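*Asks:* Taken from Swiss-Prot, the feature signal peptide covers 1-31, and the record attributes it to sequence analysis. The Ca(2+) binding site annotation in Swiss-Prot covers Gln115, Asp154. Look at Swiss-Prot and you will find 118-420 tagged as domain 'Peptidase S8'. Look at Swiss-Prot and you will find Asp145, His182, Ser360 tagged as active site, charge relay system, backed by sequence analysis.
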Amino acid sequence: MKRSGKIFTTAMLAVTLMMPAMGVSANEGNAAAEGNEKFRVLVDSVDQKNLKNAKQQYGVHWDFAGEGFTTDMNEKQFNALKKNKNLTVEKVPELEIATATDKPEALYNAMAASQSTPWGIKAIYNNSSITQTSGGGGINIAVLDTGVNTNHPDLRNNVEQCKDFTVGTTYTNNSCTDRQGHGTHVAGSALADGGTGNGVYGVAPDADLWAYKVLGDDGSGYADDIAAAIRHAGDQATALNTKVVINMSLGSSGESSLITNAVNYSYNKGVLIIAAAGNSGPYQGSIGYPGALVNAVAVAALENKVENGTYRVADFSSRGYSWTDGDYAIQKGDVEISAPGAAIYSTWFDGGYATISGTSMASPHAAGLAAKIWAQYPSASNVDVRGELQYRAYENDILSGYYAGYGDDFASGFGFATVQ
């Protein structure tokens, strides 16, 4: 489930009159490197004196200690710095939105608009008549995304942290404005509480929201900002002695060492990390990072269509590798579980609601379920909760969609993890 060098947000809009679909592909540095336009670089050295001098000369965006520091510079500065044999320097992946699809999903759209309870909530609760959800109390869901509308009536009661990591050096507290929509939508699927009673419910409405803005208002961002937020969530879990589920509805076609090391750091601190599998299906070996990492749970997207007695894995949902079928073991590049991700109705940045498709939408359903499970078993570890997700998925096999089949398959993973 590997792809080659791009970072993207993994949502697709179900209707064309909303914002462009989330699919962020990495700029290899071509356009950003022209003229005096600045871009992000990672600088490191075994010689601390040289590293200190470079920090003083260029300034620091984020300091990753043993991994070096990041800063912004133009092409001329970058080329000059590369000639310094005492330093190693590389470009940090830049993210930019790319439309995943502009094909209207009229049938899904009509279904979503006609239901007060999103189909994904009914599906994950395995209850077609449910109108209100519950659970997740005492658990924090850190949504690393474009920010969140913390004044949305369905979300404002859940907000505990609101931080902007795109400014660098340190985060900006009480600043996580979402002008794009993606992050607000993701947060809603995870933990919306229905607001005044006329809104939507997420999977775990009693959970607390940590809204971490790591992507800009256009849906673009840098790997170092994401890595800094991941590490901060891990540090907060330790400092506050609390349980944290990170949701990352974003991804990369190539692995970033900064993000990989940050994921490992926070996972080892007891944080459970959920990530979108990506929207490059149905092709084999297309799982994006960080979902492809062993210490992250990659979530595939299901659509509201039943075949062979189960929901169907969406064609757009990224697939793993056929040779991992049936092993019930998580390896790099595996899809782990599945959740609703096609035509998902949820909260929007303007205070209203929108319908979007993508593995970006599947991931927060799984994150909400993880929070709900953890609240039920507060003494459990992140590894325990992950095992419970796998077990529940195993109990609810997915048999529909390209490459889906009995047991652990490379389309749906272990299956569809549900509340009951």
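Backbone N, Cα and C define each Cβ position, glycine as well.
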*Asks:* Nearest of the active-site residues to Asp154 (Ca(2+) binding site) by CA-CA distance, picking from Asp145, His182, Ser360?
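*Replies:* Its closest listed neighbour, by Cα, is His182.
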*Asks:* Since the record lists Asp145, Asp154 as recorded positions, which of them has the fewest other Cβ atoms within 10 Å of its Cβ?
*Replies:* Asp154
*Asks:* Quiz question: given the active-site residues His182, Ser360, which has the greatest number of C-beta atoms lying within 10 angstroms of its own C-beta?
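*Replies:* Max Cβ neighbours within 10 Å, all protein chains included: Ser360.
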